[in-house]
Amino acid sequence: MKWLEERFPGIGHVAKDVADHPVPSHTLNIFFCLGGLTLLCFIVQCLTGIFLAFYYKPTPEAAFTSVQMITNEVRFGSVIRSMHHWSCQLMILLVFLHMLRVYYTGAFKRPRELNWVAGCFLLVLSLALAFTGYLLPYEQLSYWASVIGAETANTLPVVGPTLKIMMQGGIKVTAEMLSRFYVLHVMILPAVAIIFLVAHFIMIRVQGISDPM
């Protein structure tokens with residue numbers, strides 16, 4: 001720490017302030033840990049996703065084969081894929097439980113309205129990550145689920161038809177749909193989620209945790 005302090009003056013005070021920041025006594029229960037557990041699942045998703053990206057091939061011809069290779073041939077591949085799969089399921093559940101806790105305790109009220117909005121965006125991003133990742137194995141179930149998702153998007157007023165074409169890569173389902181979902185899943189959506197997470201935690205830090213009901 002001294003070495004860092006010499007090169008970045010003040011970093012020691014920042015680290016000490018973060019480490020020694022008092023936590024209200026009413027937050028010392030599992031219901032106030034749901035947000036942190038959601039973040040933990042997101043970190044697991046990122047780490048296991050990087051490992052899976054080493055072997056995954058986002059083409060219609062090779063996608064399913066590469067997933068099978070990860071599961072059956074790569075050392076610990078089945079474990080890593082299972083961790084990615086189940087941490088996704090758990091993250092979605094925890095996001096909903098976290099938002100229910102925030103709503104029940106009134107933590108979304110003034111002056112924390114913007115943090116609630118950021119949390120709503122994070123919920124949408126979590127669902128979008130789950131949806132885009134579902135197509136990547138490119139099996140029958142995931143393929144038709146994605147087609148249904150595109151048709152559902154088509155029902156949106158004004159932007160629906162355009163959004164469907166953007167998702168599918170054309171009037172009909174094309175190979176570009178897989179590559180677009182892959183880019184969304186591994187690059188765009190995680191980057192946007194990280195931005196909202198940083199904003200979310202900064203607002204928590206500045207505004208503090210809400211008082212008990």
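Just so it is clear, glycine is given a Cβ too, placed from its N, Cα and C backbone atoms.
Feature annotations, courtesy of Swiss-Prot:
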- 30-50: transmembrane segment (TRANSMEM)
- C33: heme c binding site (BINDING)
- H84, H185: heme b 2 binding site (BINDING)
- 88-108: transmembrane segment (TRANSMEM)
- H98, H200: heme b 1 binding site (BINDING)
- 114-134: transmembrane segment (TRANSMEM)
- 184-204: transmembrane segment (TRANSMEM)
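Non-local contacts of H185 (heme b 2 binding site) by the CB criterion (under 8 A, 6+ apart in sequence, same chain) comprise L129, T132, G133, L136.
Tertiary proximity for the transmembrane segment (184-204) is limited to same-chain residues at least six positions away from its ends with a CB under 8 Å from its CB atoms, namely 39, 42, 46, 49, 53, 112, 114-115, 118-119, 121-122, 125-126, 128-129, 132-133, 136. Most Cβ neighbours within 10 Å among the binding-site residues H84, H200: this distinction goes to H200. The shortest Cα-Cα distance between the residue listed as 'heme c binding site' and any of the binding-site residues H84, H98, H200 is the one to H98.
Long-range neighbours of the transmembrane segment (30-50) within the same chain, counting only residues 6 or more positions beyond its ends whose Cβ lies under 8 Å from a Cβ of the stretch, are 80-81, 83-84, 87-88, 90-91, 94-95, 97-98, 101, 129, 186, 190, 193, 197, 209. Cβ neighbour count for C33 (heme c binding site) (all protein chains, 10 Å cutoff from its Cβ): 15.
For H98 (heme b 1 binding site), the same-chain residues that are 6 or more apart in sequence and have a Cβ closer than 8 Å to its Cβ are L34, G35, T38, G119. H84 (heme b 2 binding site) sits 24 Å from H200 (heme b 1 binding site), taking the CA atoms of both as reference points.
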